[in-house]
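To start, the structure itself, in structure tokens.
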Amino acid sequence: MYQDKIIVNYESKPAYSILLKKDFTGLKEALLNLGLQNRRFLVITDSNVEKIYLKECMDLIGPISRGIYSFTFEAGENSKNLETVKLVYNKLIAKKFDRNDIILALGGGVTGDLAGFVASTYLRGIDFIQIPTTLLAMADSSIGGKTGVDFMAYKNMIGAFHQPKLVYMNLSSLKTLPKREFNAGISEIIKHGLIKDADFYKWLQDNITNIQSLDYETLKQMVYRSCMIKKKVVEEDPKEKGDRALLNFGHTIGHAIEKLMDFQLLHGECVAVGMICAAYISNKRGFISNDELECIYKIIEAFNLPTSIKDLSSEEIYHVTRLDKKMESDKIKFIYLESIGRAIIDTSVSKDEMIEAINYVQN
Ligand code: ADP
Ligand code: ZN
């Protein structure tokens, strides 16, 4: 029922395809269909993904390329910085990469952000292909063209918009992904349902077991529907001037927790707690019922995502939300639910409401 291809538009024109596949074997054909043969490739990957998937991908692309190289960095958010970018530029220059050559990101969101940033800046921009291997990258971060690196203590502070030429997903690569990383990806998928699609949210509730057991058709449907939601939002607002901000549901408080925990919790885990806080505010303002709030809590719990946060004071968390770069003229653009499947942006959420919501996840 669900196709294995999504076409993403940029500025109202078809820009690139996302392919949802069971293995890597279609990669060669996908590149040939785009006329990307006889080019040189630099595959950027991290130290974990390298061990599992690099050789297979290089072997598939090698024969149609004019040369293929790889660059591996130490896995983890700590590598997502300008030092790593510099090392990649050095490699590109040493290998004399020019505007016809291609960067390929093989890995999770960290790899995609970093490799995309290199592709967007090297020689003022070269072609870029994404092979996301984490659920977060497949269902969320590989769509929308955001690339970037962290700078000092600031996440994604330096970056650019750069659309890929192709996103190729091998859903089977999720089998080797640590369960904790998988569940963190689910958090953003739940978010997509909550902000835009009540049917999809209901479907997630009904399919928890099949999702957890990595049933292929279930995963495909889940990733497909999640990508379609994100695609629609970013197509309508590519540069985040309006409704794209709805994707920040759960992120105002989530980011603050992430920062205060010194990145010990995964992004998706912090977003899970942040979504409960935002849902609590929706409930207090009379938009969603007690039952609906409890359901959100339950689905987050069912995926082993955190539902509470200890060791941080509410004041402290609130204070950090004030430093978020997504503020507009000193007001926090808070996102909460008007109903399940419908989110709104509101700048009137008060300090007291936020503190009360944070207290709710501390019990
Ligand atoms: P995210 O995708 O959540 O932004 P990362 O890119 O850092 O985060 O990926 C999360 C972790 O999972 C990293 O340690 C990475 O090396 C590892 N990883 C990514 N994809 C896979 C995979 N398919 N199998 C095993 N480990 C993977
Ligand atoms: Zn997020």
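Here the Cβ of each residue, glycine as well, is placed from N, Cα and C on the backbone.
Remember, it's a predicted structure, so these values are computed and weren't measured experimentally.
Here TrEMBL flags Gly109, Val110, Thr111, Gly112, Asp113, Thr133, Thr134, Lys146, Lys155 as NAD(+) binding site. Note: Lys155 (NAD(+) binding site) has non-local neighbours His255, Glu258, Lys259, i.e. same-chain residues 6+ apart with C-beta under 8 A of its own C-beta.
What TrEMBL lists as Zn(2+) binding site is Glu188, His251, His267. Take the CB of His251 (Zn(2+) binding site) and look out to 10 A: across all protein chains shown you find 23 other CB atoms.
Sequence annotations record features per position, and here TrEMBL assigns domain '3-dehydroquinate synthase N-terminal' to 71-183.
The domain '3-dehydroquinate synthase C-terminal' annotation in TrEMBL covers 185-326. Restricting the average to the domain '3-dehydroquinate synthase C-terminal' (185-326) gives a pLDDT of 95.
Rounded to the nearest whole angstrom, the C-alpha distance between Thr111 (NAD(+) binding site) and His267 (Zn(2+) binding site) is 15. Within the domain '3-dehydroquinate synthase N-terminal' (71-183), the DSSP-based counts of helix, strand and coil residues read 50 helix, 34 strand, 29 coil. The number of other Cβ atoms within 10 Å of the Cβ belonging to His267 (Zn(2+) binding site), over all protein chains shown, comes to 22. Of all the Cβ atoms in the protein chains shown, 24 others lie within 10 Å of the Cβ of Asp113 (NAD(+) binding site).
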